[in-house]
Amino acid sequence: KTVAGFCIFFLVLFLAQEGVVKTEAKLCNHLADTYRGPCFTNASCDDHCKNKEHFVSGTCMKMACWCAHNC
């Protein structure tokens, strides 16, 4: 009796997890307003975008720092 209850419980739990769909927000790029100089390392650009301009992330593209934000 308890084994059947556990089986039903885990079946419901498993089916509930299947219904959860993860969605990723689209990111849009924006040229960093206050980053100065050529961008050589993604780490420094990412740190600048997150901490100084409050964006999601940052990356170097064509020696310029681009910050990403949710569209």
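Just so you know, glycine gets a Cβ as well, placed from its N, Cα and C.
Here Cys45 is paired by Swiss-Prot through a disulfide bond, and of Cys28, Cys65 its partner is Cys65. For Cys28, the partner cysteine in a disulfide bond according to Swiss-Prot, taken from Cys67, Cys71, is Cys71. Of the listed cysteines (Cys60, Cys67), only Cys60 is recorded by Swiss-Prot as the disulfide partner of Cys39.
When Cα-Cα distances from Cys28 (disulfide bond) are compared across the disulfide-bonded residues Cys39, Cys45, Cys65, the shortest belongs to Cys65. Cα separation, Cys39 (disulfide bond) to Cys45 (disulfide bond), rounded: 7 Å. When each of the disulfide-bonded residues Cys28, Cys60, Cys71 is scored by how many other Cβ atoms sit within 10 Å of its Cβ, Cys71 comes out lowest. Between Cys71 (disulfide bond) and Cys65 (disulfide bond), the C-alpha separation comes to 18 Å.
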